[in-house]
Structure formats: structure tokens, C-alpha cells
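Undergrad: Once you've had a glance at the structure underneath, I'll fire off some questions.
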Amino acid sequence: MESLLSSSSLVSAAGGFCWKKQNLKLHSLSEIRVLRCDSSKVVAKPKFRNNLVRPDGQGSSLLLYPKHKSRFRVNATAGQPEAFDSNSKQKSFRDSLDAFYRFSRPHTVIGTVLSILSVSFLAVEKVSDISPLLFTGILEAVVAALMMNIYIVGLNQLSDVEIDKVNKPYLPLASGEYSVNTGIAIVASFSIMSFWLGWIVGSWPLFWALFVSFMLGTAYSINLPLLRWKRFALVAAMCILAVRAIIVQIAFYLHIQTHVFGRPILFTRPLIFATAFMSFFSVVIALFKDIPDIEGDKIFGIRSFSVTLGQKRVFWTCVTLLQMAYAVAILVGATSPFIWSKVISVVGHVILATTLWARAKSVDLSSKTEITSCYMFIWKLFYAEYLLLPFLK
């Protein structure tokens, strides 16, 4: 650790450390909370021993920089040594929830819930179908799928701890908030609970959806001979397409159609469109997710399309694919025999296509922050599509 104290005094005060406002620079990285203490005298009792401290340019503030996004603003004086200790139990609980929230990759959780809700309503044929029986079937599918989703994203983090220290240092395994053993316990528990629920529900479409997702998610991430398919760009994209485009649409639709409603298998026009459209979207997500991660992927030998073809080319390929998908959706919506379906489908997809183009033109491809923000915007378009799908008839 390198430390530099110039023209400053450091004294112990009330169980903490007191720095007078002078130039202070301590160089050391660890798990840190972010604090901003604006005072000529600052008493700080950091949660962790080593902190990265830099003045904010005005000489009167102490900045501690974190490895994840949570920020706290604290004013403390020598007469308030308990400033960092109050409500410690509540704070510990909130921190635990925050760590699990980041571990679960919430954008995938939202996508899973919306996709299952949307395709489930594709099986609704009449108003009387909307009943407690339908919502019970949806709840069974959502809970089982969410637990499997946590297994898949958790296993990916366990396999990518070193890469995530470069690409996603805010994730709890990469930051050290979770130990490897904790991560293993979480993914093992959620996979077992997912299969248990799928089995007791007694729906074969649901159980096979969970099983195939488990197999593909494991093969995608785990570092074993002939596996860790994420190393190969085309195979990785096919895994994501299989789960997000095919399994989600068909298996969960059949869960409602055959298990909940007890009807024969029937592939409707909206289901076929949803599967085709989400195939495009899943390819885009598979390609786009690696654009901001190019630095770590290069270091650890992950041959993503962004590494081999370049960020700019992959970025505009993704935008073009989505615009093509929206054009097809507009044409399909325009052929609907129902006026209300035609209006909602056409207007909705025109708005989404226009919004995507405007956002893409504004992205600075040299900024990892902007690319990551645009990737999360792609997920919002993904959510919006699932809101539109039930209106396609």
C-alpha cells in the first residue's frame, strides 16, 4: 500500500480517525463503501480497513470510492462517533438484499417474468380462460423459472470471477461480498428447488423447460472439457437463442395450453410470430452483451464476436437486426383481421423502432458506460415487446 500525507495531521478521535482538511491520498483497493464527508474535520470509521481515498478537488471533502453503485452521504464530527454504527442490523440486512439483487442479475429476472406472462396469455382463447386456474399455472411457471434463472446466472458468475473483476467488479462474487462457497450454496439450492417445484407441479412442458435450460446454462458457463461454450461466439449465441426464443415461447405456452387448460397442442399464428421475433431479439442480446465486456474477454481468451469483429461492427449489426425484426412485426400487425390489434401492433412497433434508432445514433462507442447503458436499453425494448405480443391476433 502506498500512502501520501502532505501538510496534514492525523489523530485518533472517538474510536475513528480524524483528518484535518489538507491533501490526503491513500492508495489501496478493497471492498469499500462510498462516503462523502464535507467538514473541516472529518471523523470516519470505515467498515473496511483499506480504502481508496482522494480529495474531491476542493480540499474539504474525503471521498471513498466503492466497487458497486451504492452511495451514501454522511456528515460526521468528533462528537458523533456512532455515525457509522447506527442501525447496523438494518443496514446489514439491506446490504445482504442488495448483494443478492445484484447476484440475481435483475434485468434477466424481469425478462423471465414478463416473457412467461406474455406467452401464457397467448393461450387464452376466451374471457372465461382468465381465472384463478390460469394465474396459478402462471405462478408455478414463474417461480420455477426464476429459481432456474438464478442458478444459471449464478453459475456464470462462479465461472467468471476473475473476468468479472475486470468487466463487472460490482457483482458480489467479483467484489468479494460473496465467497465462492456462498455462491455454490446459492446456485445448488435454487437449482434443486426449481426441479422440485417443476416435478410436483406435474407439468411435463414446464419440467422439460427447466431441464433443457439447466443443461444449456451449465454447458454455457462451466469450465469442463468440451463445455464452457461461451468461449465460442456462435455456440454461445445459439444457447441464448434456444432458451430465450424457443424454450420460453413454446414450453411455457404448452404448459398453459396442455397442463392448465387441458387442450391439445396447437401452434397459433401469434405463437409462431413470437418465436420468430424473439429469435432475432435473442441473437441481438447474445451479441450485444459482449460489446462492453471486450477488455476482460480479450485478457481471458473469450473469442466473442466483439473481440473478433470489433465493437462498432457488432453494435450496428445488432441495431440492424432489430430494425428488420420491427419491420416484419409492423407488416404482420398490419395483416391482422382485428382493427384494435392492427393499430396497437403497428403503432407500437413504429415507436419502438424509432426510439431504438434515435438511441443508437447517440451512443459514444468509445465509452463503456454508454455502451452498457444502451445494452440495458435493449433489455427495455425486450420487455416492451412482451407487452405488445398478447395484442397480436
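The backbone N, Cα and C atoms fix where each Cβ goes, glycine too.
Pasting the relevant annotations from Swiss-Prot:
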TRANSIT   1-36  transit peptide
TRANSMEM  108-128  transmembrane segment
TRANSMEM  133-153  transmembrane segment
TRANSMEM  170-190  transmembrane segment
TRANSMEM  205-227  transmembrane segment
TRANSMEM  232-252  transmembrane segment
TRANSMEM  271-291  transmembrane segment
TRANSMEM  314-334  transmembrane segment
TRANSMEM  338-358  transmembrane segment
TRANSMEM  371-391  transmembrane segment
Undergrad: In the same chain, who gets a Cβ under 8 Å from the transmembrane segment (133-153) while lying at least 6 residues past its ends?
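TA: 103-105, 108-109, 112-113, 116-117, 120, 124, 186-187, 190-191, 193-194, 197-198, 201, 203, 206, 209-210, 213-214, 217, 220-221, 252, 255-256, 259-261.
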Undergrad: With a Cβ cut-off under 8 Å, give me the same-chain residues at least six positions beyond the ends of the transmembrane segment (371-391) that come close to it.
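TA: Hits for the transmembrane segment (371-391): 107, 110-111, 114-115, 117-119, 121-122, 270, 273-274, 277-278, 281, 284-285, 288-289, 291-292, 311, 315, 318, 322, 340-341, 344-345, 348-349, 352, 355-356, 359-360, 363, 365.
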Undergrad: Using a Cβ-Cβ cut-off of under 8 Å, list the residues of the same chain that are 6+ residues beyond the ends of the transmembrane segment (271-291) and lie near it.
TA: 115, 118-119, 122, 233, 236-237, 239-241, 243-246, 248-250, 253, 297, 302, 304-307, 311, 314-315, 317-318, 321-322, 324-325, 328-329, 332, 371, 374-375, 378-379, 381-382, 385, 389, 392
